[in-house]
Amino acid sequence: MRECISVHVGQAGVQIGNACWELYCLEHGIQPDGQMPSDKTIGGGDDSFNTFFSETGAGKHVPRAVFVDLEPTVIDEVRTGTYRQLFHPEQLITGKEDAANNYARGHYTIGKELIDLVLDRIRKLADQCTGLQGFLIFHSFGGGTGSGFTSLLMERLSVDYGKKSKLEFSIYPAPQVSTAVVEPYNSILTTHTTLEHSDCAFMVDNEAIYDICRRNLDIERPTYTNLNRLIGQIVSSITASLRFDGALNVDLTEFQTNLVPYPRIHFPLATYAPVISAEKAYHEQLSVAEITNACFEPANQMVKCDPRHGKYMACCLLYRGDVVPKDVNAAIATIKTKRTIQFVDWCPTGFKVGINYQPPTVVPGGDLAKVQRAVCMLSNTTAIAEAWARLDHKFDLMYAKRAFVHWYVGEGMEEGEFSEAREDMAALEKDYEEVGMDSVEGEGEEEEGDEY
């Protein structure tokens, strides 16, 4: 078996975890108490969903997941919520005081008290696996736990499970909707620390999701529940190939092989279509061509950036539902002729396609319409460097005045860590710039200066 263990860190990670597991249960027909009427093999079996769920002798399905937060309130909602019987109590790990939006608390002071317990719980989950393929880690960049504790965990996982792949789903701080002033600090510190430990990181920009909810679903003031359900759909499309049998079954390492040309350039852009409310879906025929075309609209991306200004290094289209290869090939051919999709000159302009015949499921009472087919596009493009540039700029504005730095130093960090992290980010921006340069002509030219 190729099992995956999901780790949900901090408030954002836990709440997205709720949305994801709720959706997985609906997709696989698993009840909130873990029973699965359709599953005839008791205690194990070799079904595809066993990558995400383990089975007990009593026929109960338990998610291979750990929820961690340094303070209890958010996880208490899981402990008392609809799916409280689904999880093993030891899978829900809480500390007593939170990281207070401070990376240093999550990574050094508070985090170190909880890390061994978390790793022990992960080890127990890993022991139940016959062939663990890797970890999916859900967290935000901006929070103290999401940034600090995650980076600590990633470092330790690299030590304990060196060769296993680690994929991140990271919530990028939204420019408009900020929950903390120090988000740029936390984001840059965590990115710097986890850069060498993460194999592939799907960024989700809260603001982009807000806009999609407002524009496509006509929700005037989207709540986190609205956002998380949409994020859940995207995560579900990405992981569907691991949980169902499909024509092209992607395992975790295959994501990296197809999307990551260089180890540091591992931030694919996710785009999902169709995001549409029930009232509209009733009147629209969402063909393969239409939803494929929608994937190339910047409006449907999970991160605010413009791929029309960047170059693509790789592109995967993951379809689910009523889709046949013939339609897909036709849709891609049309897009290649119509759209100005620029690939880097050292990369073949191939689109990798995966098709899963399981149609998309929606949460009852949710905002999304039940559709026959959906597509999730994962593309590695140089345009995502815009997101780093925005963050770096905000970091610079605060760091120039050393604003709020004393909170970090007081928890045992050194100021040098800030400048080191910032230099690493500058190098990352430079890497993206160089990757997008043309290989032959680019040799003789002088490098143009940084845009700061």
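Heads up, the Cβ atoms here are built off N, Cα and C, so glycines get one too.
According to Swiss-Prot, the motif 'MREC motif' annotation covers 1-4, on the basis of similarity to another entry.
Swiss-Prot lists GLN11, GLU71, SER140, GLY144, THR145, THR179, ASN206, ASN228 with the feature GTP binding site, giving similarity to another entry as the kind of evidence. SER140 (GTP binding site) is surrounded by 30 other CB atoms, counting those within 10 A of its CB over all protein chains shown.
Here the Cβ of LYS40 (N6-acetyllysine) has 9 other Cβ atoms within 10 Å, regardless of which shown protein chain they belong to. Annotation source Swiss-Prot lists N6-acetyllysine at LYS40.
In this chain, no residue six or more apart from GLU254 (active site) has a CB-CB distance below 8 Å. Among the features that Swiss-Prot reports, active site is placed at GLU254, with the record citing similarity to another entry.
Long-range Cβ contacts of TYR282 (3'-nitrotyrosine) within its own chain (separation 6+, distance under 8 Å): ALA369. The feature 3'-nitrotyrosine is assigned by Swiss-Prot to TYR282 (among others), with similarity to another entry given as support.
Look at Swiss-Prot and you will find SER439 tagged as phosphoserine, backed by similarity to another entry.
The 5-glutamyl polyglutamate annotation in Swiss-Prot covers GLU446.
Per Swiss-Prot, 3'-nitrotyrosine is recorded for TYR452 (among others).
Summarising the annotation, Swiss-Prot assigns site 'Involved in polymerization' to TYR452 and lists similarity to another entry as the type of evidence.
LYS40 (N6-acetyllysine) sits 39 Å from GLU71 (GTP binding site), taking the Cα positions as reference.
According to its DSSP assignment, GLY144 (GTP binding site) is helical. For THR179 (GTP binding site), the same-chain residues 6+ apart in sequence whose C-beta sits under 8 angstroms from its C-beta are ASN101, GLY142, GLY143. Across the binding-site residues listed here (GLN11, THR145, ASN206, ASN228), the residue whose Cβ sits among the most other Cβ atoms within 10 Å is THR145. Counting only same-chain residues at least 6 apart in sequence, those with a Cβ under 8 Å from the Cβ of GLU71 (GTP binding site) are THR94, GLY95, LYS96, GLU97, ASP98, ALA99, THR145. GLY144 (GTP binding site) has a Cβ environment of 29 other Cβ atoms inside 10 Å. The DSSP secondary structure for TYR282 (3'-nitrotyrosine) is coil.
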